[in-house]
Amino acid sequence: MRRFDWANICRWMITIALGYVMFLPVGHNTILLPSLGLIFAASLTLAIKGRRTIAGPAAIPILIVIAVGVYGSLIGISNPGVANGALVWIVAPILFGTWVWAGDKKLIRMVMFAAVIVTILISVIAVAYVALSMAGIRVPQWIVTQLELNYNGNSFGATAITLYGLSTLVATGPMWLTASLLPQHPLLPKKPLVMVAGALSLLVSLLAGRSALTVVAIVVPVGAWVVWRIYSRRLPRSLRMKIAPLGVVVVVIVGILGAAAVGTNGFTRALKRLISVVTGTGQTISEKIRAEQSDQLVHAWFNSPIFGHGFGATIAGYSREEARPWNFELQYHLILFQVGLLGAVVLAIGVTFAILGLWRAVRMQPAMLAPVLVAAAGAAAMLVANASNPYLQAPGNMWPVYFVLMMLNVSLVPKRNAEGQEPSVPVAAIN
């Protein structure tokens, strides 16, 4: 009689639920929240029944985030938006921390495959919608409503797209462009898939009018490739790996030309937008809003620079959203305002632990360098883009940040756990 493979069923449950979260990371909470709950339940089952362990460098950053979450919630206990802060900083880290704990190479491989398929699906939908809109063909309203689709062919001299799944491409676009530059690895999808996903996501980032999306899609993969090049400088390289950067350059040029063909100057606009955010000289409405927001948050932070004001705090006489006056776009300004220098320094320590853990992981298992860099590219891209967009205020966008911790954990834990092997039953117990 064939043994019941509970572990594989749990992995499939996690992957299918996470695939939905990737496709629709926000909106439709009646499906999104049960999907997140299913990920937690299946991960907890897999971790406990599989007797998983979690390495210190993976556990410490998660525990630090939860600790800061508890701190911010306690000092902001009377603030109107404290429940939202607790969801983002306590509940979501517990959920995804359990997911990290349950991770093994089989689950990583399945998540990678789901992510590349969802990336292609979101990109095809976005490009097709732009093409149909330019051709004057109406897309059925129920599709537009369900996916929150919108296209503006002239938004401050560029095209602009809105789509619920667009935030997923912030992480997965750089992941697949990075994978295109690195050697093939058993944990990564096949090279043709990652190249198609990378090229399509880059085109969408140029069409979307999201400066953060464009900048991270180009800068992060280049940074990851430089790290790989330095680390593997003494290793022999095949001709394909030597010309891989040229291939990505071609993809970038084709993407820019393709975007220009539909009337957008997305790459130039992205660079100008980045400069304007740093210097406060933005001219568009969005840039001016963020410049004003930066001033307001910094001035409010000065009132309690060490300890902060707690999660859900508001600024007297200023808000970006009447229904949620505690919500702002500039997330790292917001962290200083909410948990002060104390919380920010503790979070920086957590990030440092994670980075040192990744370095230790690739030193212990050099063969894991390529998938580690791919996962790190997704996490880095999401964290960078989060500076000016509240991506990580939505639990559905958090998986890339925790995915790199899963990769770190799998690289450091005992081989049996990493491979996803079920614990053996002692002979005495059978007898």
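Glycine residues also receive a Cβ, built from the backbone N, Cα and C atoms like all the rest.
What TrEMBL records for this protein:
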TRANSMEM  9-25  transmembrane segment
TRANSMEM  31-48  transmembrane segment
TRANSMEM  55-75  transmembrane segment
TRANSMEM  81-101  transmembrane segment
TRANSMEM  113-137  transmembrane segment
TRANSMEM  157-179  transmembrane segment
TRANSMEM  191-208  transmembrane segment
DOMAIN    198-332  domain 'O-antigen ligase-related'
TRANSMEM  243-263  transmembrane segment
TRANSMEM  335-359  transmembrane segment
TRANSMEM  366-385  transmembrane segment
TRANSMEM  397-414  transmembrane segment
Item to check | Outside the transmembrane segment (31-48), six or more residues from its ends: residues with CB under 8 Å to it | outcome: 6-7, 10-11, 13-14, 17-18, 20-21, 24-25, 94-95, 98-99, 101-102, 107, 395-396
Next on the checklist: What residues elsewhere in the chain lie close to the transmembrane segment (113-137), defined as a C-beta under 8 angstroms and at least 6 residues from its ends?
Outcome noted: 15-16, 18-19, 22-23, 147, 149, 151, 153, 159, 161, 163, 165-166, 168-169, 172-173, 175-176, 189, 193-194, 196-197, 200-201, 203-204, 207-208, 262
Item to check | Contact set, same chain, for the transmembrane segment (366-385): CB under 8 Å, 6 or more residues outside the stretch | outcome: 108, 112, 170-175, 177-179, 182-185, 187-188, 212-213, 215-217, 220-221, 223-224, 227-228, 231-232, 358, 391-392, 397, 400-401, 403-404, 406-408, 410-411
Item to check | Ranked first among 9-25, 81-101, 157-179, 191-208, 397-414 for CB pairs under 8 angstroms with the transmembrane segment (55-75) | outcome: 81-101
Next on the checklist: With a cut-off of 8 Å between Cβ atoms, can you find at least three pairs linking the transmembrane segment (157-179) to the transmembrane segment (81-101)? Only pairs 6 or more residues apart in sequence count.
Outcome noted: no
Checklist outcome for this item: Of the listed stretches 81-101, 191-208, 335-359, the one with the highest count of C-beta pairs below 8 angstroms to the transmembrane segment (397-414) is 81-101
Item to check | Integer average pLDDT (0 to 100) for the domain 'O-antigen ligase-related' (198-332) | outcome: 74
Item to check | Long-range environment of the transmembrane segment (81-101) - Cβ separation under 8 angstroms, sequence gap at least 6 | outcome: 14, 36, 39-40, 43-44, 47, 52, 54, 58-59, 62, 65-66, 68-70, 72-73, 310-314, 324-327, 338, 392-393, 395, 398-399, 401-402, 405-406, 409
